[in-house]
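Q: Annotation source Swiss-Prot lists region 'Disordered' at 1-60, 628-648. If you look up Swiss-Prot, you'll see 10-25 marked as compositional bias 'Low complexity'. The feature compositional bias 'Basic and acidic residues' is assigned by Swiss-Prot to 26-36, 628-641. Per Swiss-Prot, the feature motif 'Q motif' maps to 242-270. The domain 'Helicase ATP-binding' feature in Swiss-Prot is assigned to 273-448; the stated evidence is sequence analysis. Swiss-Prot lists ALA286, GLN287, THR288, GLY289, THR290, GLY291, LYS292, THR293 with the feature ATP binding site, giving sequence analysis as the kind of evidence. Residues annotated as motif 'DEAD box' in Swiss-Prot: 396-399. The domain 'Helicase C-terminal' annotation in Swiss-Prot covers 460-621 and is backed by sequence analysis.
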Amino acid sequence: MSHHGGAPKASTWVVASRRSSTVSRAPERRPAEELNRTGPEGYSVGRGGRWRGTSRPPEAVAAGHEELPLCFALKSHFVGAVIGRGGSKIKNIQSTTNTTIQIIQEQPESLVKIFGSKAMQTKAKAVIDNFVKKLEENYNSECGIDTAFQPSVGKDGSTDNNVVAGDRPLIDWDQIREEGLKWQKTKWADLPPIKKNFYKESTATSAMSKVEADSWRKENFNITWDDLKDGEKRPIPNPTCTFDDAFQCYPEVMENIKKAGFQKPTPIQSQAWPIVLQGIDLIGVAQTGTGKTLCYLMPGFIHLVLQPSLKGQRNRPGMLVLTPTRELALQVEGECCKYSYKGLRSVCVYGGGNRDEQIEELKKGVDIIIATPGRLNDLQMSNFVNLKNITYLVLDEADKMLDMGFEPQIMKILLDVRPDRQTVMTSATWPHSVHRLAQSYLKEPMIVYVGTLDLVAVSSVKQNIIVTTEEEKWSHMQTFLQSMSSTDKVIVFVSRKAVADHLSSDLILGNISVESLHGDREQRDREKALENFKTGKVRILIATDLASRGLDVHDVTHVYNFDFPRNIEEYVHRIGRTGRAGRTGVSITTLTRNDWRVASELINILERANQSIPEELVSMAERFKAHQQKREMERKMERPQGRPKKFH
């Protein structure tokens, strides 16, 4: 490079990239003297360099530099700083030292070559070394690490440039755990103890023999149970067959039950109440519409009112109910108001509702919070709600909350709930994900479930299956709607919001009064649609799976599955919207070839519920099985048969 007025051209310092034809290799860290012994052949640059061959770079030749270059390694993350903005830094070094500097960039270190007289080479290197040293000092002062850029030295004296030098302090995980436990104890130390056991067994319940109790459970939907406590198992309490057996000591609860007109507890209530009233954590697995809400609400009311710390000062929430959807949250709040006890105040907190109004209600002081995880987590992170005094926690429809991806929000919420609380979990199914959640957040629970553990075949619903085509689905539904009587009430389930809107529009154009319920509608519109359906103003509701849980309308006579749900569990939940509270119901489901993957599972559900199975459905299941076998055979044929032999 020629000099004009002492300033080198910018092209001199442009970073080159040296790569071999196979693999990139970092330059060897050799002393400058050793590298300087390399002749003209030694500084030939590879494919990415600025020059080739055995000659010096043209800029160095033009400048009259006869000495061999001074070569040294530079950490690649310093290259940009050494060059400077627009090359300003390295131009200044070249100008003040009358040298030509070449940087060949590689990882983790780059090769620097300085051309010029020996004195100027040494001066230029000293300038670069001092500049890099200042960069290291600045970094170390900010990070508090004084060995960040120095190579570690092994026992044999070798260096490893990829390992930070110096003795690293070992992390004592046991100490960290101990400190975490101490912090937890300190966090909850000022809270009063919780009273949990409020159960007084009636004479009739205590007189029931084990044989009688087992016989009752078998006759009432085959109730089974398990104690998940480690070690010695606890005996399950006898079921409370009447409301008096459960709440004989709580006349106000009995009065509310009589006002509601209930005759006797549902099976899940009879078995769950003696457990929860004793303060034992509970997992209740049963189909929707079996009275699971009152399983936890009634004992929860008693739990709250009889806490010593709450007498005369209920200004902070003591009970928290988490639900997957706003519809279910509103339904639970409705039940709280219906069975109001001792002036307990509740608030419903959910996404889509007026956030400011919900905050104002919380500020007034409440006893019970019913919430969806997303909105409650939002208010929690904004310090609008204090969960420190929660002593009674409910995870309602836990399987649905996990399906909807709420586990991270649940985890954050429960960090602020005292660990010695009482917890009740309800679920329609018992998959591994719910089992794992129970292990994390419940302590030594008992599990009570109605029917089988995997799925509950709804025996109170007559299930009709129609195997058809996509083109014929609309006409089948029209035929059904035209055959409805004036007292029938139907929920039509569809897979997508757009389908719900499309069907609603077509039916309204045909002078058929309908309402639709899905997530894209405004909250007030959804509430109005649900109210119109409940009161009978409209008798046809078109809904997505959002409404397949928490939709509590007792007089639904039919469920029509226009689209088959994404899995067989949702099918069970959908048809569970009818045949509730001791009534019978009817479901109609249309299937097309697109649904043939679920045909076999659907047959199992129908068989367990003693339903008729159409031949077309059996044929569909057989075709899908044959299709799967064919694909598996094709995959096997495509796989290489063993390893190729090696010949020596």
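Backbone N, Cα and C atoms are what each Cβ position is placed from, and that goes for glycine too.
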Q: Including all protein chains shown, what's the count of other C-beta atoms within 10 A of the C-beta of THR293 (ATP binding site)?
A: 23
Q: Quick one: of GLY289, GLY291, which of the binding-site residues has the smallest count of other CB atoms within 10 A?
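A: The binding-site residues GLY289, GLY291 were compared, and GLY291 has the fewest Cβ atoms within 10 Å.
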Q: Just to be sure I understand the packing, how many Cβ atoms besides its own are within 10 Å of the Cβ of GLN287 (ATP binding site)?
A: 25
Q: Hey, for the ATP site built from ALA286, GLN287, THR288, GLY289, THR290, GLY291, LYS292, THR293, who else sits with CB inside 8 A of the CB center?
A: THR266, ILE268, THR426, ALA428
Q: Sorted by position, what residues of the same chain at least six away from THR290 (ATP binding site) have a C-beta under 8 A from it?
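A: Residues satisfying the criterion: THR266, PRO267, ILE268, VAL450.
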Q: Starting from the Cβ of LYS292 (ATP binding site), draw a 10 Å sphere and report how many other Cβ atoms land inside it.
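A: Result for LYS292 (ATP binding site): 25 neighbouring Cβ atoms inside 10 Å.
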Q: DSSP says what for the motif 'DEAD box' (396-399): how many helix, strand, coil residues?
A: 2 helix, 0 strand, 2 coil
Q: Just name the winner among ALA286, THR288 (the binding-site residues) by count of other CB atoms within 10 A of its CB.
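A: The residue with the most neighbouring Cβ atoms within 10 Å is ALA286.
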Q: Using DSSP, tally how many residues of the motif 'Q motif' (242-270) sit in helix, strand and coil.
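A: Counting residues by DSSP class gives 19 helix, 0 strand, 10 coil.
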